[in-house]
Amino acid sequence: MTMTNLLDFDLDGLAAYCEQLGEKRFRATQLFRWIHQRGARDFSQMTDLAKSLRDKLATRATMAALPVISEHTSADGTVKWLFDVGDGNAIETVFIPEDDRGTLCVSSQAGCAVGCRFCSTGHQGFSRNLSTGEILAQLWWAEHTLRERFRLQAVSADPRSTDNGKPGIPLAGAAERVITNVVMMGMGEPLQNYRALVPALKVMLDDHGYGLSRRRVTVSTSGVVPMMERLMQDCPVAMAVSLHAPNDPLRDHLVPLNKKYPLAELLATCKAYLAHAPRDFITFEYCMLDGVNDQPEHAQQLIDLVRTHDVRCKFNLIPFNPFPASGLTRSPHAVVQAFGRRLNEAGIVTTVRKTRGDDIDAACGQLAGDVKDRTRAASRMAERRVVMMQTEPAPRAARP
Ligand code: SF4
């Protein structure tokens, strides 16, 4: 008999499954809490469920953890897991501890089909979508593994520090969550895996699941406009958009999806999303590429762009993490600072992302895992020379 993976279900899905077993909805709620709030890995632990139900579940259902290929902890406390998702593919998940929060960066696909030029995942090409269970298994594993681990280590009087000399994590008590924020910014374009994404988001938000507020769950997209429109109706969480360029010709080059959904359309959708969003701004991510998108005229074009479209936003400038196949280099620190200053002086709140986990390749754009490239994107990209694009807007080709 094929075992049913209970991590694949949001609460409604689990209730429907329990109904098939002749069980009432409150049983599904109990089961859901055992899985997600208490991290049960075995039905025998679920002592308030009838033994007959536990026995039934043991023969037909499972909570399928992803096999861990490796785990690395950075000097700054960042933890990176490499998970095996079968058929030669691996995905990465990163935990980033800070004084007031613990953020988990979650993958949504094995590889990515978007092929952004500055992204090592994009250079590997796309293998497959993750299931809801595979997306949630990353959170389930990280939350309960770290909860167990840090409970053992948190012996200091200060609950936010540990006795191992590493940065503390928010662990004020046994019932406190380790992961307070989830960002769908790992491998993959989450909005190109919409069907699996939305139930996973619902489990993250569910009070019987991880109980995260919509402000603390962020979907990061390269700009899949139709799916942004659906998400604002179905499950409006915080939105981050990988912008990376202030005009269409340059963005066509850096983020190829822009040819399909150009900036005017993307910015109009961002504005519409804000009417539903839990935050009153969109976060624009902007990877700083030396001599490509980091000049004063680019900053001015960004200011004009967001003013024209009247989008309340914040900018997050991301120092590029170079990898050989990209042909790109990181903008100098002074250039990044000057760029940020221009935006801030124009009244746009702008921060520079701290690089975390550099020593374990866990920084943004370094999540490469090990993906079977079925699209041959890597070789296609290698054949194309990286051209420094002119930044003057040029007439656009008609949208395909
Ligand atoms: S930046 Fe995101 S959307 Fe672009 S290739 Fe990388 S994973 Fe895909």
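Each residue, glycine too, has its Cβ placed from N, Cα and C.
Keep in mind that what you see is a predicted model, and the values were worked out from it rather than measured.
Listed in TrEMBL:
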ACT_SITE  GLU92  active site, proton acceptor
DOMAIN    98-359  domain 'Radical SAM core'
BINDING   CYS112, CYS116, CYS119  [4Fe-4S] cluster binding site
BINDING   GLY188, GLU189, SER220, SER242, LEU243, HIS244, ASN321  S-adenosyl-L-methionine binding site
ACT_SITE  CYS364  active site, S-methylcysteine intermediate
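Overlay of TrEMBL annotations on the structure.
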residue: CYS112; record: [4Fe-4S] cluster binding site; DSSP (3 states): coil
residue: CYS119; record: [4Fe-4S] cluster binding site; DSSP (3 states): coil
residue: GLY188; record: S-adenosyl-L-methionine binding site; DSSP (3 states): coil
residue: SER220; record: S-adenosyl-L-methionine binding site; DSSP (3 states): strand
residue: SER242; record: S-adenosyl-L-methionine binding site; DSSP (3 states): strand
residue: ASN321; record: S-adenosyl-L-methionine binding site; DSSP (3 states): coil
Exercise. The domain 'Radical SAM core' (98-359): mean pLDDT?
Worked result: 90
For this session: Tell me, in order along the sequence, which recorded positions from GLU92, CYS112, CYS116, CYS119 have their CA within 10 Å of ASN321 (S-adenosyl-L-methionine binding site).
Result: CYS119
Exercise. Can you list which of the binding-site residues CYS112, CYS119, GLU189, SER220, ASN321 have their Cβ under 6 Å from some atom of ligand 1?
Worked result: CYS112, CYS119, GLU189
Seminar exercise, completed: CYS112 ([4Fe-4S] cluster binding site) to SER242 (S-adenosyl-L-methionine binding site), Cα to Cα, whole Å, comes out at 14
Problem set entry | Cβ packing number for GLU92 (active site, proton acceptor), 10 Å threshold | 24
For this session: Give the sequence-ordered list of residues that share a chain with SER220 (S-adenosyl-L-methionine binding site), lie 6 or more positions from it, and have CB atoms under 8 Å from its CB.
Result: VAL183, MET184, MET185, PRO190, ALA240, VAL241, SER242, GLU285
Exercise. Where CYS116 ([4Fe-4S] cluster binding site) and HIS244 (S-adenosyl-L-methionine binding site) are concerned, what is their Cα separation in Å, rounded?
Worked result: 10
Seminar exercise, completed: Looking at the binding-site residues CYS112, CYS116, CYS119, LEU243, the one with the fewest other Cβ atoms inside 10 Å is CYS116
Problem set entry | Protein Cβ atoms within 10 Å of HIS244 (S-adenosyl-L-methionine binding site), excluding its own | 26
Exercise. GLU189 (S-adenosyl-L-methionine binding site) to GLU92 (active site, proton acceptor): how many Å between their Cα atoms?
Worked result: 14
Exercise. Which chain-mates of GLY188 (S-adenosyl-L-methionine binding site) that are at least 6 residues away have a CB under 8 A from its CB, listed by sequence?
Worked result: SER107, SER108, GLN109, ALA110, GLY111, CYS112, THR121, ASN129, LEU130
